[in-house]
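Per TrEMBL, domain 'G-protein coupled receptors family 1 profile' is recorded for 42-293. The feature transmembrane segment is assigned by TrEMBL to 24-50, 62-88, 100-121, 142-164, 197-222, 243-264, 276-295.
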Amino acid sequence: WEFNGSFHQPSAFLMMGIPGLEALHPWISIPFCALYLTALLGNCVILFIIRRTPSLHEPMYYFLSMLAVTDLGLALCTLPTTLGLFWFDVRRIGFDACLAQMYFIHILSFIESSVLLAMAFDRFIAISHPLRHPAILTKSTVLKIGLAIVLRGMVSLLPIPFLLKRLTYCGKTELSHSFCFHPDIMNLACADIKVNVFYGMIILLSTVGMDFIFIVLSYILIIRTVVSLTTKEECLKALNTCVSHICAVLVFFIPMIGLSMIHRFGKNVPPLVNTLVAYTYLIIPPALNPVIYSIKSTHIREALLRALCRKRG
């Protein structure tokens, strides 16, 4: 422990794996390795295919590239500590390193939420105003949206590490996961955390909460447009372009909302449930998103097949 007057700050935190299954961590690491490998390879393939295929240089696929980069970042943020704990039982993480990991995990989560909103806006424009779509979402506009998304995440979360550093910690140093999460660190403090709770809630509701509301509103407008189409074939074709995005939204937001509710109100929730929801939130979306888009997007699938045929030839 580092001591400075009445101020106590731990030199490190202790991470937790899966409660009650510590003896099985080497075996549990196998599906985790498969998920991380899928996330890393899948998102790299998506980026490679979009970069090498001129026909995919459109707003929809630019936003998909942003999603793939974000998913790569999320996977790389949690991979070292999670596999380090499962393989080598490395539980200790330095205080500052923990704050840095937490900051990047939350930034990337917020960026993913914003990218999903941008993708919903792209689908709305493409379906409701197809003729104006190229003029509205130009390359420069997409770039500006991307920069705004990154700056929004970085600036809104910048005070969080400083708010945690000012707290006094005493006694417990065990985290609930194999990575650092803001509510988890905050709850280890023995000081008044009202400012942290209030700021965390405000930021969460004004970013991820608003993103989710606008995504729902976008789909309400999309459905209104689709219903007005003359033929059933046109209606199904328009909706089919949204299936991948809807799956990505559900895969990301359902575990995130569940984890937020558990940390805020789930005092009596079993630790195993908390842990499984956290892993689902941070590991499943990066692994599933490239699979979803590779299966559902005809253009991505065809470009991938062409690239494979070229290599075999």
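Positions of Cβ are set from backbone N, Cα and C atoms, glycine also.
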Notebook entry, point to check: So what's near the transmembrane segment (276-295) in sequence-distant terms, Cβ-Cβ under 8 Å and 6+ beyond its ends?
Noted result: 18, 32, 35-36, 38-39, 42-43, 45-46, 64, 67-68, 71-72, 74-75, 78, 82, 105, 109, 112, 176-177, 179, 181, 244, 247-248, 251-252, 255-256, 258-259, 262, 301, 304
Next item on the list: Determine which residues of the chain contact the transmembrane segment (62-88) at the Cβ level, with the cut-off under 8 Å and only residues 6 or more beyond its ends counted.
Entry: 15, 17, 25-26, 28-29, 32-33, 36, 39-40, 43-44, 46-47, 50-51, 101, 104-105, 108-109, 111-112, 115-116, 118-119, 122, 139, 142, 146, 149, 178-179, 248, 282-283, 285-287, 289-290, 293
Checklist line | Range from 24-50, 100-121, 197-222, 243-264 with most C-beta pairs under 8 A to the transmembrane segment (142-164) | finding: 100-121
Margin query: Given a Cβ distance threshold of under 8 angstroms, which distant residues of the chain, six or more beyond its ends, lie next to the transmembrane segment (243-264)?
Written below: 67, 109, 112-113, 116, 119-120, 123, 181, 183-184, 187, 201, 204, 208, 212, 215, 219, 273-274, 277-278, 280-281, 284-285, 288-289, 292-293, 296-297
